[in-house]
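Copied over from TrEMBL, here are the features:
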TRANSMEM  B:75-93  transmembrane segment
TRANSMEM  B:113-139  transmembrane segment
TRANSMEM  B:151-175  transmembrane segment
TRANSMEM  B:181-200  transmembrane segment
TRANSMEM  B:261-281  transmembrane segment
TRANSMEM  B:320-341  transmembrane segment
TRANSMEM  B:353-372  transmembrane segment
TRANSMEM  B:393-410  transmembrane segment
TRANSMEM  B:416-432  transmembrane segment
TRANSMEM  B:444-474  transmembrane segment
DOMAIN    B:502-624  domain 'STAS'
Protein chains: 2
Amino acid sequence: MTGVDQYTRQVNFEPPRSFGTILKSRIKETFFPDDPFSQLKKEPLPRRTIKTIQYFIPICEWLPKYHLGLFKYDLLAGITIASLAIPQGISYANLAQLPPIIGLYSSFVPPLVYAVFGSSKNLAVGTVAACSLLIAETIGEKVSPTENLQLYVNLVYTATLFSGLLQIVLGILRLGILVDFLSHSTITGFMGGTALIICLQQMKGMLGLKHFTHKTSVVAVIKSIFHNRREWRWECFVIGIIFLTFLQFTRYVKKKKPKLFWVSAIAPMVVVLTGCLFAYFAHAERHGIATVGDLRKGINKLSINRLNFDSEYLSAPIKAGLITALIALAEGIAIGRSFAIVKNEQTDGNKEMIAFGMMNIIGSITSCYLTTGPFSKTAINFNAGCKTPMANVVQSMCMLLVLLFLAPLFSYTPQVALSAIIISAMLGLIEYEKAYHLFKTDKFDFVICMSAFLGVSFISMDMGLMISVGLALIRAMLYIARPATCKLGNIPDSNLYRDIEQYPVATATPGMLVLQLGSPIYFANGTYVKERILRWVRDEHDVSKSSHNDIEYILLELGGVTSIDITGVESLFEVRRALEAQGIKMILVNPRLDVMEKLMVTKFVDKIGRNSIFLSIDDAISACRFTLKSSKQEVEGERLEDV
Amino acid sequence: MTGVDQYTRQVNFEPPRSFGTILKSRIKETFFPDDPFSQLKKEPLPRRTIKTIQYFIPICEWLPKYHLGLFKYDLLAGITIASLAIPQGISYANLAQLPPIIGLYSSFVPPLVYAVFGSSKNLAVGTVAACSLLIAETIGEKVSPTENLQLYVNLVYTATLFSGLLQIVLGILRLGILVDFLSHSTITGFMGGTALIICLQQMKGMLGLKHFTHKTSVVAVIKSIFHNRREWRWECFVIGIIFLTFLQFTRYVKKKKPKLFWVSAIAPMVVVLTGCLFAYFAHAERHGIATVGDLRKGINKLSINRLNFDSEYLSAPIKAGLITALIALAEGIAIGRSFAIVKNEQTDGNKEMIAFGMMNIIGSITSCYLTTGPFSKTAINFNAGCKTPMANVVQSMCMLLVLLFLAPLFSYTPQVALSAIIISAMLGLIEYEKAYHLFKTDKFDFVICMSAFLGVSFISMDMGLMISVGLALIRAMLYIARPATCKLGNIPDSNLYRDIEQYPVATATPGMLVLQLGSPIYFANGTYVKERILRWVRDEHDVSKSSHNDIEYILLELGGVTSIDITGVESLFEVRRALEAQGIKMILVNPRLDVMEKLMVTKFVDKIGRNSIFLSIDDAISACRFTLKSSKQEVEGERLEDV
């Protein structure tokens, strides 16, 4: 491969693509990274229309192919998740300071909507703890649910509407990209912090307290627990511990024997039913064990007239709506994706957003509050063998039956049973092992995770989330502001050039300095890249001064530079000017398509000359050596004289 | 080079460096990219102490070596910039709605301070138009300078103090990085918009108007010009046009013959003196030509007792201080850097920040307002042949003489002369050619530039700046959220692998898909990278289905991936899982040091096996081919049967 003819291999100096072409491909990569319509291109028009409808309303795709064989699985899965939906619905409504019936309503309408618009086959729709608490925190600041429940509930519906609207807008604008900015580390910390607070708050139910704080910081909650010491009821606590032990045991069973997942799936229902029976027969109220109370028969009422856009309160539902919308999306989409990967299916994040948005908009006018795809429910749905979104329809039908006939039964559910169910669910969300893993593997990710955890625990949920996302963004900014550069050396007996720090065996070529740049070069790092290159040259000079070996060429390996903007090109111009002043020639190696186009259009290529751009380091070095040879020989001569 | 022994070349699986080492090198790259102390390491302690003092107080370095030969140059340069400082000082103070004497004060103290702490040899200190206007806009919103001048001036001093404090803090924290986020495009647009507004505002002076708006939007200013049509004075306008023509002519002379730069440098002074003489002898006031008025002899008074921290007004000086501090830094540092590059010297942005900060803090307590290194003055200083910051000392001494003896003379300066000087200076800042260049070369940079220009012109200066920086940041985010990937093919007769789109001659290897990833992989783009890889595989499948050529290996070229975080590693895990489900093996090629360490520590390397990581694509393909061979032969056989 080595030889003189080698550096005749041509770099592509094709004129740049038109602006339109570039813009189109950029927009496609940014907003349609999954290329959803690629399959449509080849089809004839009528078929394409059907496919497009099927794309936007997935039920049109799967329902015609549906058959009894599939329904068998979906029926079982649907009943299982419904049995979880009842206790969870009541519990989380409790957490959101809402009347328990709204929790049941929220498992009836939204699953039906999702079945129509949703694209994930495994997702089970339901309410989630973190968002429920966040709603209570944000709206509770404005209106106390104990003082004016009617207004509070209205504002929660309004917040749900805003969530839905935001989700649908994000989906239509294909801004799924926003969810990408919630990193795993942030979510781990946020979930952990939320779970901790929720667990502590459940001490109200576990200890049978009547007065309790509405604040969510750990300090306030612990203070409140001990402040109301006189209200502690040991009866409550004993029952709570029994329930909790039972629930944790079923989780343990599931962990040991994954086939017995249904044991943990129906356990909350068992707890609720046992609690109801116990409360009914033992007249629990008389012993200070509070029950849920007031669950009337009947399905969701329309709540469109309850939406409240009064400017006095509007800020609270907007804030709650926007934050919970993003968290709900992050949870729902991430979960949909993970299970899709297991089954080797695709999910379209932007389509899911539209489905979630529809779900919450319709939910907000039918007495439901925020729903998404909660992790626990989806996992159970998946394990129960669901095949299509029909499982959600089954869930919905079960809830319909409950609402029509059985709801009053559940009014006997003791609060302590709900607290035990919530604590048991939350304990699984404090992933201390994952945090330790982060600590071991990436300290900065650990800091991001802990900032979310501590922020949520000690300040507030939204502040914790924002601090963590802010830190993650700062880190991202640092990545782009300080891209790694390294000096390359030749790996002996090969034409490979690798980082000298990573491969100490690699040797530098005399008279030349080979630098590898990485990441895009643009305004945020142009100055840095420029100064870093000049510093490499200075360092090299310091070393070479002693060894009579001056740098004559600088080779910049641009293979890792994915794009460059005007400020970046100007930095390269400045580098070139500075190097020229020192009598050093600048050579570019392997610029990529986007970079090459920008260098052509800014006349940089004309300035440094086409013969200063090479396809590979090897080519460039051979060419440089060829011209170096004469001057090298002189230097060699001098050195001999010195000796 | 090709052969079986080739793929025995080892990838470096050294255990990762310790967290401390990595952290130290990261911090160094982030905050000390110019490695300021590298030269100190080798020195003995006493010498190191001296060097450190010299580093922080640069005058200790250059003054002992100073001699008469250098002073000759600095004297000339100093006198030249002083002759510019007088008219500019008065004009810009006028723009900032301040008494003109404050403009002269601001060219006396700050240059002295800069001479002590500044590291740039070319920078000339003075006030700048954009910041002057911004101060007037922001503080004028709170307190009208016409109604309560005393309070207004106090708040300007306070804003200057905040600017200085912010600059010094940024310098100490080595956050020069913040200035990097003001891109060239933003600055071009911002300067252009500011210049446009300032020019329009000068119509007040040019037309001799008595009433005028304090707003800065183009619409408001134009409205104001025509609203006060009755106040227009043709005498004023004629004189203004004569001055402006003269000034523009001297600029033209300078452009044609750069050696005659002094003509344009002293032109403003000539205009002022001519104006003064004319006003004095022609009793200009009687003809409706306003003069500056009230310039008393005497040097700066202390203004420490005038700083106002009243919470009622505090928000205005804080806002004005912070925004102008950043703009002043961006301008001053960028200019220092550009001239340093021409002379092949280094400037330390963070040290400059401290110098600017000292300058403004001391300025704020000695009746000065915001100063920085303005472009025009610095260019003239450079052209006049300045050698050290002593030129600033000379400027300062000239101003001292003016303040002590000549100030009252300048009270005859007609406003229209100042307006002509400002317009002439501003016309040079509307760089429509640069905007056109941006349009031709980078549409998005053009949008960023125009958003600053239009935002400043039609909304307000700070909003325009923020919109533009916001857009630039969104662009940066998109860069990192959607890093380019490409499919590589083999360039015939070589072992090079290049982008197939860029080099259509490159051919894919049967049974393998080689992808090049670029930029860091982490939370913001992990999902995208994963889905993009899987989409490449799908596309490949669609093509290969017809040609009976299934993909068995995916090679990921990671040379361009500068770093990876936990979310990124998890994405790779997920890619691997998805590929395995399709029976495709994942191979990594040439991971860089940081990436390799993260892959080792997260056990990813153990998962995919060390023999799945190669140093070059060539090695990987040879190795894959070796194991492919058997299955290939079967396929070949089948294909023959098909035929």
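Placement of Cβ uses the backbone N, Cα and C atoms for every residue, glycine included.
B:353-372 is the stretch from B:181-200, B:320-341, B:353-372, B:416-432, B:444-474 with the greatest number of Cβ pairs below 8 Å to the transmembrane segment (B:113-139). By the Cβ criterion (distance under 8 Å, sequence gap of 6 or more), the transmembrane segment (B:416-432) is not counted as touching the transmembrane segment (B:320-341), fewer than 3 such pairs being found. Using the rule of three or more Cβ pairs under 8 Å, pairs at least 6 apart in sequence, the transmembrane segment (B:353-372) is not in contact with the transmembrane segment (B:444-474). With pairs at least 6 apart in sequence, the transmembrane segment (B:75-93) and the transmembrane segment (B:261-281) have 3 or more Cβ pairs within the 8 Å limit; the two touch. Put simply, of B:75-93, B:151-175, B:320-341, B:444-474, the stretch with the most CB pairs closer than 8 A to the transmembrane segment (B:393-410) is B:75-93. DSSP labels the residues of the domain 'STAS' (B:502-624) in these numbers: 63 helix, 25 strand, 35 coil. Across B:75-93, B:151-175, B:181-200, B:444-474, stretch B:151-175 shows the highest tally of CB pairs under 8 A with the transmembrane segment (B:320-341). Residues 130, 133-134, 137-138, 181-183, 185-190, 192-194, 196-197, 216-219, 319, 323, 327, 435, 438 of the same chain, all 6+ positions outside the transmembrane segment (B:444-474), place their C-beta atoms under 8 angstroms from a C-beta of that stretch. Over the domain 'STAS' (B:502-624), the average per-residue pLDDT in this prediction is 86.
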